[in-house]
Amino acid sequence: MRYISTRGSAPVLQFDDVLLAGLARDGGLYVPETWPHFTADEIKSFRGMSYAEVAFAVIKPFVTGGTVDDDALKTILDETYAGFNHTAVAPLKQLDGNDWVMELFHGPTLAFKDYALQVVGRLFDHVLAKRGQRITIVGATSGDTGSAAIEACRDRENVDIFILHPAGRVSEVQRRQMTTVIADNVHNLAVDGSFDDCQDLVKALFNDHAFRDEIGLSAVNSINWARIMCQIAYYFWAGVQLGAPDREVSFSVPSGNFGNVYAGYAALQMGLPIKQFVVGSNSNDILARFFDKGVMKMDGVHPTISPSMDIQVSSNFERLLFDLYDRDGAAIVDLMTEFRKTGLMEMSQGQFAKAREHFDGYRLDDAQTRAAILDVYQKTGELVDPHSVIGIAAGRACNRDRSVPMIALATAHPAKFPDAVKQASGVYPDLPERLSDLYERPEKVEPMSNDADALMAHVRKNRRAA
Ligand SMILES: *Cc1c(COP(=O)(O)O)cnc(C)c1O
């Protein structure tokens with residue numbers, strides 16, 4: 001499979017290079033040159049397969065042409081999903097007649113990002129080993145996403161990871177999910193400053209090109225194609241459980257950077273009969289407003305009780321735009337340049353109609369989110385987290401056809417956001433058994449001053465030598 005940039009002028013790459021590249025050199029995002037397609041019979045053959053087997057069938061066409069052969073891919077997927085906490089890996093739960101939830105929180109950090117990052121960490125190691133290279137990942141987190149990156153990189157031979165968080169400004173469960181990972185290549189740094197300071201420090205390192213080359217500086221950002229590719233698998237998995245390809249299914253996805261729901265769109269392109277996508281937002285509703293009016297308008301970031309969806313701009317949306325504009329890279333350059341300059345992007349009626357063919361958007365503020373958590377709990381006995389419930393409630397509000405199963409993606413375990421869940425439902429969600437001693441585990445974390453030179457010195461000294 002070859003990959004092209006949404007902005008049309010970066011080199012065409014094979015999978016291994018796309019994996020390591022992240023962002024394309026022209027500022028665009030990589031997408032497959034053509035969509036692989038499964039016939040109805042091929043989709044039927046997924047019935048009865050395990051999650052890892054479905055993932056293998058779905059991912060295989062995307063990695064061809066590189067060093068990840070069938071055996072390597074199979075080993076990576078078997079190993080990854082054997083480490084999850086539920087034999088179904090992504091179990092479906094029924095809330096009502098055609099109202100379903102797919103639980104994507106049975107990985108090591110209790111959030112859906114594990115489903116891709118656990119694979120991507122292993123893919124990095126595989127490709128780096130083949131090339132005799134090492135990388136050093138440096139990233140900043142406000143608490144909610146750092147642990148998935150750390151868990152993905154722990155014990156990887158050719159990767160060292162340094163994650164910065166603002167000291168004292170991360171919740172205890174989030175801090176402990178990061179700092180209780182005790183591994184030679186994992187470094188948690190508690191920065192004397194804010195989350196913005198952490199991000200500025202990381203930027204300073206990336207802007208120092210000599211340093212960047214010296215240590216093989218890299219990121220595990222949400223625009224990496226390999227993450228999308230892994231997420232496509234659970235759309236096929238869920239669809240097949242509920243009758244596809246003989247029957248259509250719909251999905252409702254709590255969204256931030258648009259990576260998760262875009263993977264669903266990819267599944268549609270690959271032949272899964274999907275009726276509808278509902279894009280759920282919190283008060284950071286740039287996506288919901290877009291699907292309402294066809295205008296993308298930038299706004300400030302508002303902190304909410306669903307912090308993993310607190311975004312200003314949904315970076316992966318550019319991949320959908322690329323298809324809406326018939327894969328015209330020059331048109332995307334114009335649109336994005338205008339958007340960066342004015343904070344506004346307006347689509348023609350034709351493109352907007354095309355976007356609305358399958359997509360609806362819906363927004364819940366914090367009060368509505370709490371009310372929805374209580375409602376689900378009272379009616380079904382299920383405790384759901386503030387992100388997942390936005391999927392559930394948005395799916396109900398926008399359902400176009402109640403004869404089609406609506407599958408809401410539960411993106412985090414309730415115990416990951418215990419205070420919000422308790423406040424909404426009156427019930428404190430317990431951690432799953434294998435994390436139940438999280439509050440007793442030893443922590444490994446080092447203080448770091450808000451100083452780029454000090455950070456560089458620290459990274460140089462503590463990363464493992466080649
Ligand atoms: C990252 C995240 C999201 C948003 O997913 P996108 O792919 O950025 O749209 C939603 N819920 C949770 C719990 C997350 O961690």
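Cβ coordinates come from backbone N, Cα and C, glycine included.
Predicted automatically and left uncurated, TrEMBL annotations should be read as such.
Record features, source TrEMBL:
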type: DOMAIN; residues: 2-81; note: domain 'Threonine synthase N-terminal'
type: DOMAIN; residues: 94-334; note: domain 'Tryptophan synthase beta chain-like PALP'
type: MOD_RES; residues: Lys113; note: N6-(pyridoxal phosphate)lysine
Local confidence of the prediction over the domain 'Tryptophan synthase beta chain-like PALP' (94-334), expressed as mean pLDDT
95
Just to be sure I understand the packing, how many Cβ atoms besides its own are within 10 Å of the Cβ of Lys113 (N6-(pyridoxal phosphate)lysine)?
29
Residues in the domain 'Threonine synthase N-terminal' (2-81) per DSSP class, helix first, strand next, coil last, are 37 helix, 9 strand, 34 coil
DSSP secondary structure for Lys113 (N6-(pyridoxal phosphate)lysine), reduced to helix/strand/coil, please.
helix
